[in-house]
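S.K.: Provided herewith is a single structure, encoded as structure tokens, for subsequent inquiry.
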Amino acid sequence: MPVESGSAAARQAKQKRKSHSLSIRRTNSTEQERSGLQRDMLEGQESKLPLSVRSNLLDLFSQIEREFENIYVENLELRREIETLNDRLAADGQAFEGADLAKGALKTKASHSTSQLSQKLKTTYKASTSKIVSSFKATTSRAVCQLVKEYVGHRDGIWDLSVTRTQPMVLGTASADHSAMLWSIETGKCLLKYMGHQGSVNSIKFHPTEQMALTASGDQTAHIWRYMVQLPTPQPVADISQTPCEEDVDFSDKDEADNEVEGPIDCPSVRVATTTLRSHQGVVIAADWLVGGKQVVTASWDRAANLYDVETSELVHSLTGHDQELTHCCTHPTQRLVVTSSRDTTFRLWDFRDPSIHSVNVFQGHTDTVTSAVFTVGDNVVSGSDDRTVKVWDLKNMRSPIATIRTDSAVNRISVSVNQKIIALPHDNRQVRLFDMSGVRLARLPRSNRQGHRRMVCCSAWCEDNTSCNLFTCGFDRQAIGWNINIPALLQEK
């Protein structure tokens, strides 16, 4: 019986081998001699399997071994071919990692096979390169990101925040709960609450020299209102250990909505605006002061941006041209320039420096909604988009960006540090990352269930005149956070 069962098993193995052919070429006589020698050695070993079954198994394993040998030889040939092509590319002066993509030369000269080879090289050596980079990180100075203060009191998500440019220095937040709040930066106490809007307050900006605030709302209006606040006596700051950026990060969604405070806010309120700006036919999503503070610009979902005179509240210009809803607007700190961003994947630069000529330039470089575009002190514009990229542009050469930052999540309202020229990127995935103007990543703010944002981060704002907090962020977890960011000069130069 064992012999018959062995023969049946042998027949099944043969039939299975025939139905699932491996398409393997027969090798020379030396391989056959080696398989015969292995079969003789197998016969001398003790086993409960019949000899015919063992012989068929050995034959199958031999074929698998030859297939792996063929694959190994092909792999060696491919490696030699890659090295040859790589040397040829190096001789031609074409470098993929360090190439200036803005010039577009490689896109027109490089063939399809060359681009595929570049991708293979990047993928093949990605792991080893990451290890090398990690070893360098361990020996360099680390950026220190310290959570200093949390500003809690809104009953809905916070869309925007801003810091006053004059004394007393306070933090302003705009929320979907139809209110805007002014906060003491040092104590985290609410100083004033503006309740004049009938819809979500989408942005807040402060006058450059006077105690006035500009808010934009979903009620299709923008309000200008005055405030008077008295700062409370600062209390000793709790000893919060400095946390190196990117460490102690917990990406768990557990208890995401815990610790959300909805207690009553005991602070004075303002309900009447000094000036109400009307003329939009849709949600006013953002507003900002032009240099000097005599005019303001508003951006709306009606696809237009309006320029108003503050003293008369009259409409001076209506800036049209975007194909879809506007998402943001920003003014230059020293010149009469305005930049508007839109869901049509573009942002536009409006020039009001010459009263007789109002020129406009269109920036096309994103593939999804441009969520914000902001000026730097120099001649640069930084734009962020839902396509998960941030681009740095030179106003003198607007054809292509001078730097591109690629991320893993949509980017919301960004801000650029005036002194250090650091870009703060708030993301949909609750992260906040810091980059320099050349696109080099400097840090990621720590986030866990104990600290940081628990939902989408909507906006960031720098305040370098304050010693305790120099970066503020807000999100849809109903809180704003004040951070102390210390980026070593050595790290910024790299």
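Using the three backbone atoms N, Cα and C, a Cβ is placed for every residue, glycine included.
So TrEMBL says this about it:
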REGION    1-40  region 'Disordered'
COMPBIAS  21-30  compositional bias 'Polar residues'
COMPBIAS  31-40  compositional bias 'Basic and acidic residues'
REPEAT    151-193  repeat 'WD'
REPEAT    194-225  repeat 'WD'
REPEAT    277-318  repeat 'WD'
REPEAT    319-360  repeat 'WD'
REPEAT    363-403  repeat 'WD'
S.K.: So how many of the residues in the repeat 'WD' (194-225) end up helix, strand or coil by DSSP?
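M.R.: Secondary-structure breakdown of the repeat 'WD' (194-225): 0 helix, 18 strand, 14 coil.
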S.K.: Grab the same-chain neighbours of the repeat 'WD' (194-225) for me: Cβ-Cβ under 8 Å, and only residues 6 or more beyond its ends, written as numbers and ranges.
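M.R.: For the repeat 'WD' (194-225), the far contacts come to 156, 159-166, 172-182, 269-278, 280-289, 291-293, 296, 298-300, 308, 310.
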S.K.: Should anything in the same chain at least six residues away from the repeat 'WD' (277-318) have a Cβ under 8 Å from its Cβ atoms, list it; otherwise answer none.
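M.R.: That would be 160, 199, 202-203, 205-210, 212, 214-218, 220-224, 324-336, 338, 340-342, 350, 352, 358.
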S.K.: Who are the long-range neighbours of the repeat 'WD' (363-403) in its own chain, taking Cβ under 8 Å and residues 6 or more past its ends?
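M.R.: The answer is 101-104, 327-328, 330-334, 337, 339-343, 345-349, 409-416, 418, 421, 423, 425, 435, 437-439.
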